[in-house]
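Asker: Below are the structure tokens for one structure; questions will follow.
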Amino acid sequence: MRDRLLAAEKVKAIDWRDGALYLLDQRILPAEEVWLAYADARGVAEAIRSMVVRGAPAIGISAAYGIVLAVRQRLAAGGDWKAALEEDFTVLAESRPTAVNLFWALNRMRERLERLKSTDDPLAVMEAEAISIHESDREANLTMAQLGVELIRKHQGSEQAVLTHCNTGALATGGFGTALGVIRGAWLEGMIERVYADETRPWLQGSRLTAWELANEGIPVTLNADSAAAHLMKTKGITWVIVGADRITANGDVANKIGTYQLAVNAMHHGVRFMVVAPSSTIDMSLASGDDIPIEERAGSELLEVGGQRVGADVDAFNPVFDVTPADLIDAIVTEKGVVERPDTAKMTQLMCRKRLH
Ligand code: MRU
């Protein structure tokens, strides 16, 4: 399946080429495909904040390249370049609060920086570290796809229809996706007949990005309003809800795109299985439970306007963009280190002690 999955890779969101970072502007997809070039950490931080690039792993990878750009700039400026680099770490860390992959990638870059020897070429070493973060995310996607497909096979009944939320595909990762990677794999194996994609209000990652990625690959996809999910579970033979994650805490609670929690509640009610697919860089063992996860709130205009036109009444809008699904609503968390069924603190701790499976 690995080779077939690699052959199916069509879209990418991040391109590191000749020492420069290019990001596919996800704010205007699928209407236009525009690549933007970035030359410094501040620009990359702004790209993350404004959602040119989004999706937990993609944010982390972009931030790592942002540090490489900063190293080049700070070295050229001379003086105490390592001290000056602190400002770049800070500006990138402040770009978005919920996806822990951002902080994980920045920590990895910092650790590498601290291990530099006097004989090292700092720019080459830091670039290699960012590329390795990018490459290992791609590898993790492949392993998770295989593990997720095995899990579906283990529980397979009749024909499968799955429901997904937000965008967890090539646009959100360094490879072809987390939840969407499993869905791609299951489609290639003939185990899925149709994918239902929540439109994912208010930013429409589902209708603009997920539906576009799947349609590009000829995978049957039907778009639905987020509020149709319970009705779909009751009437359309959904067997799995498959989603990604932005942060998973030590007890197995999962922060993901707003609306995920209500999907899990509905799935439990309808006897539909609930799978979370995320690399171990999304797991934050320093937080005991989802109550400790900072939840990003974005501008009310994302709710009150459509295409820049005001459609809502003249009221305040509350726009939290993530929610937390409690571990006891989750059937399985699939990572590149292995699968945790019915997650709890003991199982998550055991998982994080394991090496990667590839
Ligand atoms: O606000 P976004 O688009 O960055 O949110 C993305 C999600 O919530 C995804 O489901 C999550 O990052 C998993 S992506 C592999």
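Cβ atoms here come from the backbone N, Cα and C positions, even for glycine.
What you are looking at is a predicted structure, and each value in this text was computed from that prediction instead of being measured.
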Asker: Out of GLN73, GLN146, GLN205, which one does TrEMBL list together with ARG54, GLY55, ALA56, ARG96, ASN256, LYS257 for substrate?
Answerer: GLN205
Asker: Taking only the Cα atoms, work out how far ASP246 (active site, proton donor) lies from ASN256 (substrate binding site), in Å, as a whole number.
Answerer: 5
Asker: As a test of the contact definition, list every same-chain residue at least 6 positions from ARG54 (substrate binding site) whose Cβ is closer than 8 Å to its Cβ.
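Answerer: Expected: GLN26, ILE48, ASN167, LEU171, ALA172, GLN205.
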Asker: Which ones in the same chain are close to ALA56 (substrate binding site), with CB under 8 Å and 6+ residues apart in sequence?
Answerer: ALA99, VAL100, ASN101, LEU102, ALA172, GLY244, ALA245, ASP246, ARG247, ALA278, THR282
Asker: Measure from each Cβ of the binding-site residues GLY55, ALA56, ARG96, ASN256 to the atoms of ligand 1 and list the residues where some distance is under 6 Å.
Answerer: GLY55, ALA56, ASN256
Asker: Using Cβ atoms only, which residues of the same chain lie under 8 Å from CYS166 (site 'Transition state stabilizer') while being at least 6 residues apart in sequence?
Answerer: ALA172, ASP198, THR200, GLN205, GLY206, THR210, VAL243, GLY244, ASN256, LYS257, GLY259, THR260
Asker: Based on the record's binding annotation for substrate (ARG54, GLY55, ALA56, ARG96, GLN205, ASN256, LYS257), what whole-number value in Å is the widest Cα to Cα distance?
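Answerer: Taking every pair of listed residues, the largest Cα separation comes to 17 Å.
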